[in-house]
């Protein structure tokens, strides 16, 4: 095991994770106003109407597949009757379908972004960087699946990549697991890790804005003028004078 | 009973001359920024016409507002929570920029810097979205004064409910202006459509606002609003809308559109209403009953029971006093001449309109009869079916009676006051014909025709004990990051923490004064020099070196 292996399979993932977490906290505190999907639908809708749902639904399936494949140990699935063969067939078929959907969507979206004037002008440098890493991650992932799972004999990543990820989560890193993994898988993992490090500084933050609260709140929202009147916290010594009316309101609450 | 106060507006359409001053001053105050070039929080439409954005009133197409289910409940016409989330990756009912218009500027530099040639230089229109040359084919008031309406007016959603034959005839006889701002509805469907919960109705004065820090740019509010008065800022990726100029209202000033209105046709004031009864009122079965249902939700600010409940809710005394003097209450409930815009959207809009009588007067006068005579006017109101139907399509979900009643009151006021002015004769029978008294008519005349500033705008200020919370009352340089910040943030324009307005202005001014390249090369803008320091280059001729002065 070379120092490079430790760097790639221990230091880099942990560093990326730290940047991911701290970056999001920092971005949320510093840049609530910039936290948006940055939609370009008003410029163009004909391509977006197809590309966006295809890409997003595809990538959601892909993420679900990764959770099952990486985080759930093979023995657990076997315990509920899903053996290696069944898993392999399921993962390959569903995974390929989701990948096709995602890639088709992404191709439409990138074509749209490049060819529609206003959309291209609204693309920031960070967007372009993000597209490179996102595209590379998806590309290497698909390449690995096609090369080894669809055309090849099938690579059992649940014996290497998956335990490696779990070893990172359990704070007992085992970089040796990744040393003999095929290059396509390795590149896929590295690109994804870099993408996680970039995440908080790109438009990808909108993933964490999934409006779950919408299901649980009343339709009409009321807010008081007092609440959230400024972005600044009230400083010591500047608290507003409590009037009898405020006291009454406070007592009611 | 839950008493709430709502700041609302009434516009007297008789007085609107379609000068667009309200639109222009509003734009200067609120939307003269990139990302909202195409946005007019206030716009003035010529009616009949298709409006801005094009055909926004066609809710079969845009699916804005609420609808009543068979079981008598309200549901968002564009689909409820589950449908919204299911469509979150691509909003199916979002107007595209072309439905508003593609914003543009002109290549003004060409006028100043074009090389000498035989032809006069022209400033070509350039798209503000692509920077390319464009041909201008539509804008926010393209059909102003019925310009080009023979081609477009047939698409007016209200006219489409009438026959085509009627449309043509109508165009020749009847035209008026309709200024529009956000309705600040009691039952706002934009707020209900927002997945992030970023839109809200202010408890104190009912103003509907977008929290710019919580908005995530899902754009469902734009689709949800049937009036299409929430806009998407395509640069910041956030929704923006008319704020009813709340920073002005809070200190007792009228909105910019009201303050600058040349015709002095806008009225601002409070209405007290019962928040508990809004949902029931918005879901009455017959669309024609919606107007009356909404009027029933309003509470009489002189009723002791209402006053007690208002005080219990913590509504300050000066606000109660303002509600009692409110011109809105008088125009809606006492004189009953104001009507809501499209009550059939079931959002309970709170910007109401006094329908225009002058076109009716014109028709009577054109026919050679006395256009000020009450009998002629009443007969015309009863007979002019087409304009009545059109106004009813706008203001009463198609019910002609309330429109006719409002117009007859205006007609009665006209005749009654003419008699007073010409012969000092108070013809009480004119007032009785519209179920009013002469004294009431004179009061209404004072409010509508004299329209003193202090009668039009009755605006209680926000409470001084909250002054420490007002945005910029402390030293405005004293904020996180401090002075010396400025410019675009790292994640595209306007990212990072909001900069206080005073600091932003300071940086803009500084940039302009110290920019390497003036906006018009070769020229000096004297406005950029504040008189301090060295005068800008080019202001004075260069000192002649070694001259003989």
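Every residue gets a Cβ built from N, Cα and C, even glycine.
Any TrEMBL annotation is an automated prediction that lacks curation.
As recorded in TrEMBL:
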type: DOMAIN; residues: A:6-225; note: domain 'NarG-like'
type: TRANSMEM; residues: A:6-26; note: transmembrane segment
type: TRANSMEM; residues: A:47-74; note: transmembrane segment
type: BINDING; residues: A:56, A:188, A:206; note: heme b 1 binding site
type: BINDING; residues: A:66; note: heme b 2 binding site
type: TRANSMEM; residues: A:86-111; note: transmembrane segment
type: TRANSMEM; residues: A:131-151; note: transmembrane segment
type: TRANSMEM; residues: A:183-201; note: transmembrane segment
type: REGION; residues: A:229-253; note: region 'Disordered'
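Contact with chain B, taken as any Cβ pair under 8 Å, is found for the binding-site residues A:56, A:206 out of A:56, A:66, A:188, A:206. Spanning the residues A:56, A:188, A:206 that the record associates with binding heme b 1, the maximal Cα-Cα distance equals 23 Å.
Sequence-distant residue pairs (6 or more apart) of the transmembrane segment (A:183-201) and the transmembrane segment (A:6-26) include at least 3 whose Cβ atoms are under 8 Å, placing the two stretches in contact. For the pair residue A:206 (heme b 1 binding site) and residue A:66 (heme b 2 binding site), the C-alpha distance works out to 20 angstrom. Residue pair residue A:56 (heme b 1 binding site) / the residue listed as 'heme b 2 binding site' shows a Cα separation of 15 Å. Taking only the Cα positions, the spacing between the residue listed as 'heme b 2 binding site' and residue A:188 (heme b 1 binding site) is 12 angstrom.
Neighbour density for residue A:66 (heme b 2 binding site): within 10 A of its CB lie 15 other CB atoms from the protein chains shown. Classification of residue A:206 (heme b 1 binding site) by DSSP places it within a helix. The Cβ of residue A:188 (heme b 1 binding site) has 24 other Cβ atoms within 10 Å, all protein chains considered.
For residue A:56 (heme b 1 binding site), the count of additional Cβ atoms within 10 Å of its Cβ stands at 18 [all protein chains shown].
Summarising the environment of residue A:206 (heme b 1 binding site), the number of other Cβ atoms within 10 Å of its Cβ, over all protein chains shown, is 17.
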